[in-house]
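Q: Sending over a structure as structure tokens; questions will come in a sec.
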Amino acid sequence: MIHVTCNQEAFELPEGASAMDLANKMKQSHCFAGALINDQEKDLSTTLQDGDTVLFLTWDDPKGREIFLHTSAHILAQAVLRLWPSAQPTIGPVIDQGFYYDFANLSISEEDFPAIEAMAKTIAEEKFPISRQVFPDKEAALAYFSQNPFKAELIAELPEEVEISAYTQGEFLDLCRGPHLPSTAPVKAFKLLRTSSAYWKGDPSRESLIRIYGVSFPTTKELKEHLHQLEEAKKRDHRVLGTKLDLFSQQTCSAGMPFFHPRGMVVWNALVDYWKRLHQRAGYQQIQTPQLMNRELWEISGHWENYKENMYTLTVDEEDYAIKPMNCPGCMLYYKTQLHSYREFPLRIAEIGHVHRHELSGALSGLMRVRTFHQDDAHVFLTPEQVEEETLNILNLVSELYGTFGLEYHLELSTRPEQGTIGSDDLWELATKALKRALVKSQKPFIISPGEGAFYGPKIDIHVKDAINRTWQCGTIQLDMFLPERFDLKYTNAQGEKSTPIMLHRALFGSIERFLGILIEHFKGRFPLWLSPEHVRIITVADRHEARAQELAKHFSQMGIIVSVDSSNESVSKKIRNAQNMQVNYMITIGDKELETHLLAVRTRDNRVLNDIAVEQFSHVILEELRSLSLTPSL
């Protein structure tokens, strides 16, 4: 017999029992997609060993959902091959909103989707068991996939010592490291979304492929809800709203590098000004480091060796330079300009740095995926004993910042990867436990992702939920044990000796451009007043009312209210519609009555009308709404 632990409960099982056997013993096998066995993702068919710790994964767990979607990608490939046997499957990963599979030697359109979906439904209903097999060596794997040059290329690139596995469901076998569902049966709802062209390995010089995107769910109800969400997302698309509201544009001369218009810069500046006030109150100092630094710096940081293909480089006066893809190395140099003592710690250094990273053109998308963006980084230097308290301070800052925008979020703690890490076991354990204790004290929901940390330390990722329940990974808190050593950073400890500081690297917005894109979609372009590019628009009924309109505009402008005047020849109703289409928060109409009484006729963008409001009363209400960073209108 063997003894295993699941949910802090001990179980006794016979030798050779699998995770599925344990699930059956718990009478819950129908719920589970896979399992974390000793923090490693595994199939339910995995044989358990004495002393194992098991955590089952369901559709509601991110990792369980990933297993479900990965199996769905295999079902897609199997369905396509049944209908087009000469097609060549290449890769089929899980992505944020579902999955895709790339095929060579295939020409289809969306008109073929019903046939593929029907075949996928049949495959699910056939309830094929899904089994894993391991090839004895690389040669055996190459021999099996000899008719598929794409799979063969992937196999050839694997190190000799790597275990090469494949998964079988019915007549279909695919190269894959898994894990997968125990059968095709749980995939009850399957929908294809679109096709696009792609290149093998994202390289335009390689073979052209067709990419098929899809989603799947355990129930038809969940699929319908998701499709409704996709329709709502189209209405909120920041690329469409960004153009309609005159916030930003994209130009062919600079793909992935957005042009921000005056209205967009108003929103941008409101975000940045808020960020600066928040960080000043929290004890951060702000710096600015150069965008262009020489090769020597990037060699010290490790970027030149490991990240060069994503960097923009140039040679000036026979010296190699790179435009910074990250702010961290510049902050390391700033730290070294002075001597430091433990008495200064935590030392909080913040920078909104302009960074550039080369992304493939096919990956670019509005403000969400760009080649240049501003990252709101901060680097906090501290002693090991301060990690927990300072992490909690940052988590409190996270709570305040996202709460200001009305955004819900959850946290994800990623722990030490199996291989390739730096730092001692003791330091990793100390750091991970400190982050976890801070998360518990923050009283915010969090999940643990075993082995998903960076090579230089554990991290906490912040996943934001928007108005239509999509999640976006924005901020991060990373404990870095790497860069302080690479740059030989020192401080004088309490014993008067030189020590290397621990560093917390954190970003709250992440990319300001991306965060702005998220806000556009979250608010559907209807920004709260303090973020709005235009607070008030004054609309004249006739030419004789323009002088009063300009007088009011000057009055409001001097108070810090963003105001414009529409004295065009359009009808009043058309002017109001124009203002509402541009999501102006408040409209003031000036006619003969308002000219005589000096009172205001105010209309909101939701068409609420308020008459006979005194100028000073309106000013006071608007200024208070701005000051309080209110998310709801005061009138």
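Cβ coordinates come from backbone N, Cα and C, glycine included.
Computed from a predicted structure; not experimentally measured.
What Swiss-Prot shows for this protein is this:
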BINDING   CYS328, HIS379, HIS505  Zn(2+) binding site
DOMAIN    1-58  domain 'TGS'
REGION    237-528  region 'Catalytic'
Q: How many other Cβ atoms sit within 10 Å of the Cβ of CYS328 (Zn(2+) binding site)?
A: 23
Q: Tell me, by DSSP, whether CYS328 (Zn(2+) binding site) is helix, strand or coil?
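A: Helix, per DSSP.
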Q: For the domain 'TGS' (1-58), what does DSSP give as the number of helix, strand and coil residues?
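A: Taking the domain 'TGS' (1-58) as a whole: 10 helix, 24 strand, 24 coil.
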Q: Please list, in sequence order, the residues in the chain of HIS379 (Zn(2+) binding site) that are at least six apart in sequence and whose C-beta is under 8 Å away from its C-beta.
A: CYS328, CYS331, TYR335, ILE349, MET503, LEU504, HIS505
Q: Along the domain 'TGS' (1-58), what average pLDDT does this model show?
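A: 88, rounded to a whole number.
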